[in-house]
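Some notes on the structure that comes next.
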Amino acid sequence: MNRSCAMKSCVLILLLALLCAERAQGLNCYNCTMIPFGNTCSSTATCPYPDGVCTIQVAEVVVSSVRLKVKSNLCLPGCPKSPQTPEVLGTVVHVNTDCCNTDLCNAAGPTGGSTWTMAGVLLFILGSVLLQTLL
């Protein structure tokens, strides 16, 4: 019995160490700059920043009633605030940024929220209502 308990403890400690260990290799991100929105980025790179994040930035500008929209898939040292509206040569540029921290997670463009996020929020609300009803 004592040996079985020690074995279970060793396995538990090993699992915890694996879960808490930092990744040995850096974060992999898609890496493309200023490509037309709608085009796919296929180039990848290992993020050089220890606490870096993968990002996708979509920049949009209207010049003489012509709308230009480009995107960049990058690794950055941190997640910039979004949205941003810098002014370049007297023209306002709208920039939206999404950040993530898993390998190749910056493939898609910024969205209004994922279906899974909305489903999670809905389940949380329903669970809260049910819990209040039971109490």
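From the backbone N, Cα and C atoms, a Cβ is placed for every residue, glycine too.
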> Can you tell which of CYS47, CYS99, CYS100, CYS105 is bonded to CYS75 by a disulfide, based on Swiss-Prot?
Replying inline: CYS47
>> Are there any residues at least 6 positions away along the chain from CYS54 (disulfide bond) with a Cβ closer than 8 Å to its Cβ? List them or say none.
In response: LEU27, CYS29, TYR30, CYS47, ASN73, LEU74, CYS75, CYS99, CYS100, ASN101, THR102, LEU104, CYS105, ASN106
>> Restricting to the domain 'UPAR/Ly6' (27-119), what is the model's mean pLDDT?
In response: 86
>> What's the number of neighbouring CB atoms sitting within 10 A of the CB on CYS41 (disulfide bond)?
In response: 18
> Helix, strand or coil at CYS29 (disulfide bond), per DSSP?
Replying inline: strand
> Of CYS29, CYS32, CYS75, CYS100, which of the disulfide-bonded residues has the most Cβ neighbours inside 10 Å?
Replying inline: CYS29
